[in-house]
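Shown next, in structure tokens, is the structure this report addresses.
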Amino acid sequence: MAGIKALISLSFGGAIGLMFLMLGCALPVYDKYWPLFLLFFYILCPIPYCISRRVVDDTDSASNACKELAIFLTTGIVISAFGLPVVFARAEVIAWGACALVLTGNVVIFSTILGFFLVFGSNDDFSWQQCNNQADGMLLFDELLG
């Protein structure tokens with residue numbers, strides 16, 4: 001049940017972050033949709049880390065070049081996502097109020113992405129794979145009893 005609560009709270013956080021992004025674009029005072037380019041950064045952000053988790057064997061405790069590169073690329077994507085609205089505001093493409101709303105949305109969205117990897121990233125406490133294995137074990141147990 002703890003996994004469901006975490007998933008619901010993460011989806012709520014994502015919705016709040018996207019709301020701030022849309023408010024920065026669609027309010028009649030601002031009415032510019034250039035900050036929607038940040039959606040690409042939201043999609044690209046977890047990709048390097050997910051690829052490195054697939055490629056790298058996590059049995060050794062030493063630092064790994066592939067994982068370090070993935071963290072570096074993810075950091076670059078996140079910094080770019082925070083820099084783009086500021087560049088837009090300095091170039092007077094968007095208003096500073098829209099920039100503030102978009103930056104608030106960035107904080108919420110990237111916190112949600114980080115929270116997802118903290119909650120569902122490890123196989124120790126709870127993961128979808130562990131949940132499926134427990135369900136398969138319960139089905140096997142039911143077959144043995146019945």
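The chain as shown is numbered from 1 upward.
Note that Cβ sites are derived from N, Cα and C of the backbone, with glycine treated the same way.
Pulled from TrEMBL:
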type	residues	note
TRANSMEM	7-30	transmembrane segment
TRANSMEM	36-56	transmembrane segment
TRANSMEM	68-88	transmembrane segment
TRANSMEM	94-120	transmembrane segment
Report summary line: When counting C-beta pairs under 8 angstroms to the transmembrane segment (7-30), the leading stretch of 36-56, 68-88, 94-120 is 94-120
Query raised in the report: By Cβ distance under 8 Å, which residues at least 6 away from the ends of the transmembrane segment (94-120) in the same chain are close to it?
Result: 3, 6, 9-10, 13-14, 16-21, 23-25, 27, 29-30, 32, 34-35, 38, 42, 45-46, 49, 78, 81-82, 85-86, 88, 126-128
Query - Beyond the flanks of the transmembrane segment (36-56) by at least 6 residues, Cβ under 8 Å - result: 21, 25, 64, 66-67, 69-71, 73-74, 77-78, 80-81, 84-85, 102, 105-106, 109-110, 113, 116-117, 121
